[in-house]
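Chemist: Have a look at this one before I ask anything.
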Amino acid sequence: MIQATIQKALIEQLNREFHSAYIYLGMSAYCSKEGFNGASNWFLVQYQEEIAHGMKLFKYLEDQSVELQLPAIEAVAVEFDSLLNVFEKSLAHEQFMTQNLNDISDIAMKEKDHATYNLLQWYVTEQVEEEATVSEIIDHIKLVGDNGYGLYTIDKELATRTFVDPTSKA
Ligand code: FEO
């Protein structure tokens with residue numbers, strides 16, 4: 001059985017993971033509308049990853065017999081300023097997620113909840129990869145600036161992303 005403070009924090013994190021999925025669905029819709037079909041695909045895969053993150057946490061809460069609450073998922077943006085802006089918003093969101101996961105890890109460590117701490121380290125490691133991937137895309141977009149062919153090439157590259165269940169990683 002896990003402590004009430006940690007239960008509350010994990011249920012909030014569960015909501016944030018599904019909210020993240022919804023955020024990326026909004027970003028995918030924006031990219032599709034703007035003709036960036038590769039970026040739209042990229043965010044759709046990101047959406048699937050967030051669902052997988054949410055489901056891993058859902059399963060953990062069930063295994064720990066936590067009485068689940070599933071609060072409403074907040075509405076998300078579907079309008080952005082540019083391809084660069086949408087990826088910058090994505091990076092800012094991932095940094096926010098990392099901060100939350102670090103904060104919950106601190107609570108788990110303080111409460112000597114090793115099982116939850118161990119679970120959270122999987123998420124913390126996943127965040128390093130997520131932030132690095134988005135940062136690299138931002139760098140590439142900045143590099144080409146407004147060059148149409150450059151943006152077309154980046155979009156083509158983003159089209160190649162396929163979903164690999166992140167929870168199948170150790
Ligand atoms: Fe589940 Fe991208 O954080």
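Cβ coordinates come from backbone N, Cα and C, glycine included.
All TrEMBL annotations are machine predictions without curation.
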Chemist: Given TrEMBL annotates Glu17, Glu50, His53, Gln127 as Fe cation-binding, which of Glu88, Glu94 belongs to that site as well?
Modeler: Glu94
Chemist: Where does the mean pLDDT land for the domain 'Ferritin-like diiron' (1-145)?
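Modeler: Looking only at the domain 'Ferritin-like diiron' (1-145), pLDDT averages out to 97.
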Chemist: What does the DSSP secondary structure composition of the domain 'Ferritin-like diiron' (1-145) look like, as residue counts for helix, strand and coil?
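Modeler: Helix (H, G, I), strand (E, B), coil: 116 helix, 0 strand, 29 coil.
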Chemist: Residues other than Glu17, Glu50, His53, Glu94, Gln127 within 8 Å, Cβ to Cβ centroid, of the Fe cation site?
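Modeler: Near the Fe cation site, beyond Glu17, Glu50, His53, Glu94, Gln127, sit Arg16, Ser20, Glu49, Met97, Tyr123, Glu126, Glu130.
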Chemist: Near Gln127 (Fe cation binding site), which residues of its chain come within a Cβ-Cβ distance under 8 Å, counting only those 6 or more away in sequence?
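Modeler: Glu94, Met97, Thr98, Leu101 - these are the non-local Cβ neighbours of Gln127 (Fe cation binding site), listed in sequence order.
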Chemist: Quiz question: given the binding-site residues Glu17, His53, Glu94, which has the greatest number of C-beta atoms lying within 10 angstroms of its own C-beta?
Modeler: His53
